[in-house]
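Q: One structure coming up, written as C-alpha cells, with questions to follow.
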Amino acid sequence: MGSGARFPSGTLRVRWLLLLGLVGPVLGAARPGFQQTSHLSSYEIITPWRLTRERREAPRPYSKQVSYVIQAEGKEHIIHLERNKDLLPEDFVVYTYNKEGTLITDHPNIQNHCHYRGYVEGVHNSSIALSDCFGLRGLLHLENASYGIEPLQNSSHFEHIIYRMDDVYKEPLKCGVSNKDIEKETAKDEEEEPPSMTQLLRRRRAVLPQTRYVELFIVVDKERYDMMGRNQTAVREEMILLANYLDSMYIMLNIRIVLVGLEIWTNGNLINIVGGAGDVLGNFVQWREKFLITRRRHDSAQLVLKKGFGGTAGMAFVGTVCSRSHAGGINVFGQITVETFASIVAHELGHNLGMNHDDGRDCSCGAKSCIMNSGASGSRNFSSCSAEDFEKLTLNKGGNCLLNIPKPDEAYSAPSCGNKLVDAGEECDCGTPKECELDPCCEGSTCKLKSFAECAYGDCCKDCRFLPGGTLCRGKTSECDVPEYCNGSSQFCQPDVFIQNGYPCQNNKAYCYNGMCQYYDAQCQVIFGSKAKAAPKDCFIEVNSKGDRFGNCGFSGNEYKKCATGNALCGKLQCENVQEIPVFGIVPAIIQTPSRGTKCWGVDFQLGSDVPDPGMVNEGTKCGAGKICRNFQCVDASVLNYDCDVQKKCHGHGVCNSNKNCHCENGWAPPNCETKGYGGSVDSGPTYNEMNTALRDGLLVFFFLIVPLIVCAIFIFIKRDQLWRSYFRKKRSQTYESDGKNQANPSRQPGSVPRHVSPVTPPREVPIYANRFAVPTYAAKQPQQFPSRPPPPQPKVSSQGNLIPARPAPAPPLYSSLT
C-alpha cells in the first residue's frame, strides 16, 4: 500500500482536511457525521463489493462464507470471510434485571450470527475480524498495518470509511511505569529493526503448539448500558463483536476466545464503583466469586464500565485466569470505538493470562507498539515477551482450565467439522486434513472416533483409551489442595476442588484460602528466597503507616492509603533475614527500613497502575487470632464462612472441600469417611485403580505362592538323585529294624525255629551286629543280670560249610536275681 498509489474512482481520500475545516465542500452529500470521524486524523470512503460466481452482486449478509472486494490506500484487496463458529456456545446466556431487581435469564437464538473471521488474499499472515450485521465493521490486520472499517452513517449506497488504526486519536492513559523506562524502550526500538510478523508467528507457534480456550464472561455496567440507549440487543451485539476482535488477536498465540455469557446491569450496578480502580476491581472479583461463578462456569470475567479512573484504562490480576477468586479485570469503555476498546480488554485479559508489561524488556511484535505495552497504545499484536510469559504460566500449571476444549453442549450448534472444536453431533475434531493425519483416534472427514477408539482428547485419554479409574490427573499443589482422579469412563478430569476456605494449616498458624496455605513466611520466601521470614509487627506498623508506594493499604482514589495500626499487617509485605535479591525478569524496587535493631525489607514491582501489587500481603493471610486479611483490612475469619465440623461430618477421618463435601483420608471411604475405603471424595473421582489392584493381587500370588513352588520344584529336580538314595536308604533301614523285631518276638515265629540262637553259628537270616546278640523275651521284664563267672571261650569254627547240630540245643539257663 504505497503512498503513491493512484486512487480509483468511487474512493475518496481524506487526509488532514479535517484539521483545516475543508472536509465539507469536498465530501458533499457523502459527508460522514462529525462525531463518527472526530477521533480520526485520516480516513477513506469506499464502497465494498461482495463476490460471487458472477464476481459482484449486492450485499447479502448471514452467509456461512462470503468474500468482498475493498480498497485501501489506492490498492484493491479481496477478503475471504467465514462465520466464526467457535465464538459463541450453544447455551450462550444473557443475564439482565427487571425493575424489581429480579434476575432474568435469556438464551437468545444466535446460531446464524453475523460475525466473521478471515484473511486477505495474497497477504501472508493476514487476519480479519468483521461483522456484516449492518454493513462491514471490524479490523483488518495486514503484514505491517492494521485497518478499521465501519459503515458510513446515513449512506444509502453501502459506503464505508476505512482508516489506519495508527490514525485513531487516543487519550493518554496513566501507567505506573516511569517515563524514563518508556523513553529507554522507545530509543531501543528505534535502534533495532524488529523481526517480521512471519518470524514472530513461527516463533510463537513453536512455543505454543497446543490450542488453549478462554471461556470469557463479560459484565456491562449500568452507565454503559444507558450510554447505548438502554438497548439490550445493541449491547449484546457490541459485546459479541468485541469477543470476535479478541479472538482475532489471541489466535496469534494459539489461544481461542469463546464468549460463554453476558450480564447487563440494567437496573443498577451490583457493586460499588466509587473509589479507585483497585477498589472497584476488588469489589468486582468478590461479587464474581459469590454470585457469578455459581451461575455460569467460565475462566475469566471482564467488567465493562463507562466510568474512568483518571486516565487508567483498566486493571486486572496477573496469572489468575483459572482462579475462583481473582480471575477478573475491569475495563473503561468511554468515548472510544469498540475496535480501540478491544485492545484494552486484550491487555487486561493478558494480565489474567500471566502477561506482564513489555516496558523495559527486550520485546518485539512486528509493530511500533504491542498489546502489553503499558501505554495501551491500541496495538493488535502480542510481543515475544507476552508469548514467553504465557508459556511460563502454562509450565507452572497456572492455566489448566484453558485445556478444557468446549464440550458439545458448549460449542456452537451449527456443525462444522474441522474447526478443532467438538460441536454438537461430533465425537472429536482434529482440525484440518493435514492435522488429522497425525491424530490416531479421530476420523478427520467425519469428526467421529475411529472404530477402536474410546476417546481422542482430554486429560484422562491416552492412546485413544480412557485412563482407568483412579489415575491421577490433577495433582495436589499444596497442603490446602486435594488431588483429582480419572473416573474410568470419561476423557475429562474431575473439576478442580480444594480444601474449604478457613481450614487451619501450617500447624494451626494459618488458614487455607483458595487452595493455598497463606502465611507471611511463605510469601517472603517466594520473593526473597528460602531463608527469608516475616519481619516483626513493628516493621509493618512503621512502614505501612506512611502511605507511599513502599508502605500502604491500597489506594483511595488515585492516592496511596495509609494503614491504620490494626490493618498494618495487611498492607505491604515486610520481611527480614533477606540473603537473596529477587530475579523476576523485571527490575523491582527494593527498600530497607531500619526498625528496632532489624531491617525491614519491602518491594515494589512497578507493574503499572492496572496491575495489583504482588508485594502486598496476600488475601487470606492470618493477621491475628481468628482474623485474616481481606481488602487490606484485618477482619474476622468468619467472613470465610467455614462451617465444617470434621469430627461429626467426616468422623475425624477427612476434611471438607470447597464444595463442602468430605475428602477422606486413605483407608476411609466417601461420602462421610465412616467405613473403610480408599480415600477421596465424591468430587475427586475414585482414588484407587481397579486394574492396578488386580495387578497387585496377581503379583502377590505370584511372588508368595507360585515363585516358592517353582523354587522348590527346581531344588527337588537338582537334588533328585541324592534325595532318591536317601529315601531308599531310609526305607531299607526301616525294613531291617522291622525284621529284627520280628525275630525277637517268639509268638510270631514258626514252631521249627529254636527259641535260642546258638552263639557258635547264628542263622543266616539273622543279621549279625558287632558285640550284639539277640535278647530273649520273658514274661516279666527283669533287670539285666550278669553271671558270676565269665562265659567259656567259643570254639573255633572250621570252614567246612554250615554245621547242623546232632541234637537240639539245651534250654537256656535260668538265673535268679543277683544278691
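Heads up, the Cβ atoms here are built off N, Cα and C, so glycines get one too.
Pulled from Swiss-Prot, these are the listed features:
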DOMAIN    212-406  domain 'Peptidase M12B'
DISULFID  C322-C401  disulfide bond
BINDING   H347, H351, H357  Zn(2+) binding site
DISULFID  C363-C385  disulfide bond
DISULFID  C365-C370  disulfide bond
DISULFID  C473-C493  disulfide bond
DISULFID  C644-C656  disulfide bond
DISULFID  C650-C662  disulfide bond
DISULFID  C664-C673  disulfide bond
MOD_RES   T761  phosphothreonine
Q: Far apart in sequence but close in space: which same-chain residues, 6 or more away, have a Cβ under 8 Å from C473 (disulfide bond)?
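A: Sequence-distant Cβ neighbours: D459, C460, L467, E484, Y485, C486, C493, Q494, G685.
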Q: Which ones, of the binding-site residues H347, H351, H357, have a Cα no more than 10 Å from the Cα of C664 (disulfide bond)?
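A: Taking H347, H351, H357 one by one, none has a Cα falling within 10 Å of C664 (disulfide bond).
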Q: Starting from C365 (disulfide bond), work out which of the recorded positions listed here (H347, H351, C385) have their Cα within 10 Å, and give them in sequence order.
A: C385
Q: To the nearest whole angstrom, state the Cα distance for the pair C370 (disulfide bond) and H357 (Zn(2+) binding site).
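A: Taking the Cα atoms only, C370 (disulfide bond) lies 9 Å from H357 (Zn(2+) binding site).
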Q: Would you mind pulling the DSSP three-state label for C473 (disulfide bond)?
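A: In three-state terms, C473 (disulfide bond) counts as strand.
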Q: Can you give the mean pLDDT for the domain 'Peptidase M12B' (212-406), rounded to a whole number?
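A: PLDDT averaged over the stretch: 89.
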Q: Consider the binding-site residues H347, H351, H357 and say which one has the Cα lying nearest the Cα of C650 (disulfide bond).
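A: Ranked by Cα distance from C650 (disulfide bond), first place goes to H351.
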Q: Spatially, which candidate from the recorded positions H351, C401, C644 is nearest to C385 (disulfide bond), comparing Cα atoms?
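A: Going through H351, C401, C644 one by one, the closest to C385 (disulfide bond) is H351.
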Q: What's the CA-CA gap between H347 (Zn(2+) binding site) and C401 (disulfide bond) in angstrom, rounded?
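A: Here the two Cα atoms lie 20 Å apart.
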Q: Please work out the number of neighbouring Cβ atoms within 10 Å of the Cβ of C493 (disulfide bond), leaving out its own Cβ.
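A: Its Cβ shell of radius 10 Å holds 23 other Cβ atoms.
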Q: Since the record lists H347, H351, H357 as binding-site residues, which of them has the fewest other Cβ atoms within 10 Å of its Cβ?
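A: Comparing Cβ neighbours within 10 Å for the binding-site residues H347, H351, H357, H351 has the fewest.
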Q: Nearest by CA distance to H357 (Zn(2+) binding site): which of the disulfide-bonded residues is it, out of C322, C363, C662?
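A: If we rank C322, C363, C662 by Cα distance to H357 (Zn(2+) binding site), first place goes to C363.
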Q: From the recorded positions H351, C363, C401, C656, C662, pick the residue whose C-alpha lies nearest to the C-alpha of C673 (disulfide bond).
A: C662
Q: Going by C-alpha distance, which of the recorded positions C322, H351, C363, C401, C662 is nearest to C644 (disulfide bond)?
A: C662
Q: Tell me the Cβ contacts of C363 (disulfide bond) under 8 Å, same chain only and six or more apart in sequence, or just say none.
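A: Listed in sequence order: C370, M372, S383, S384, C385, S386.
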Q: Can you tell me the CA-to-CA distance separating C656 (disulfide bond) and H351 (Zn(2+) binding site), as a whole number of Å?
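A: Rounded to a whole number, the Cα-Cα distance is 32 Å.
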